[in-house]
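Take a look at the structure below.
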Amino acid sequence: MGIRNYIGIKSLTAERKKPLIFAVIFFIVFFCALILGSEIQKTLNLDLKMGWGQDIVSAAAVILLAFFFKAPKQLLALEKPKHKNWLKYTIIIGVAIALWNFGNQILSDDPNFNRGLEYYLFELTMPSIAEEIGLRGAVLGFLLYYAKQSCFSNAKIWLIIVIMAILFGIAHLLGAESFIEGLKAFLMTFSAGLGLSWLRIKTGSIFPGIIAHSIMNVFDNMLGYLLW
């Protein structure tokens, strides 16, 4: 069965006007809200090491804006997973990317698996919720409406997924200290973006993506802490 017939596309029943334009608007809103949230956290001078502010503000901004549109839950895929094997796919994708990152950390010059409590609380919740709602929820949601209403072929839908994954990978290059580290970060997050977008379309829900994303973020460090 081609991806155009997956439940995450076939279940999109609402008609959307200018979905491509709104995909771009939500993308801009998401990243502007990230910057705003980061600045708010700095202004409040909170004793926090992780980027709580940016993820809370970006997720809230996307959700609030989405509710100005009809069927917002369908748009953001805030619905129960519709595929019977959703949990299996979730675990496979989450663990596979986490193991890849674990291998990268072991091969690095200074692997660091000794993370504090705040790190695990943050990585288990904030990035997965904010990025899945903002990127795989709203942005990909509008793009999927555009694809369905334009009768896109399987190849064109996969092209959308690849473009989304590239943008996801580029967004994670900011903290790279060298070309090699940046390349590793891009390849891993690009692959994660492919898997998470496919998971949203396959299951018709972003909840599996949120779970898989959380696994990606913490399983590698937990494994390293236990074994290294």
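The chain as shown is numbered from 1 upward.
Glycine is no exception: its Cβ is also placed from the backbone N, Cα and C atoms.
Bear in mind that TrEMBL entries carry predicted annotations, made automatically and left uncurated.
Marked as transmembrane segment by TrEMBL: 20-38, 50-69, 89-107, 119-145, 157-176, 206-227. Sequence annotations record features per position, and here TrEMBL assigns domain 'CAAX prenyl protease 2/Lysostaphin resistance protein A-like' to 121-219.
Here the transmembrane segment (50-69) has Cβ contacts under 8 Å with residues 16, 22, 26, 29-31, 33-42, 44, 75-76, 118-119, 122-123, 126-127, 129-131, 133-134, 137-138 of the same chain, all six or more residues outside its ends. Residue counts for the domain 'CAAX prenyl protease 2/Lysostaphin resistance protein A-like' (121-219) under DSSP, split into helix (H, G, I), strand (E, B) and coil, are 85 helix, 0 strand, 14 coil.
Mean predicted confidence for the domain 'CAAX prenyl protease 2/Lysostaphin resistance protein A-like' (121-219): the pLDDT average there is 93.
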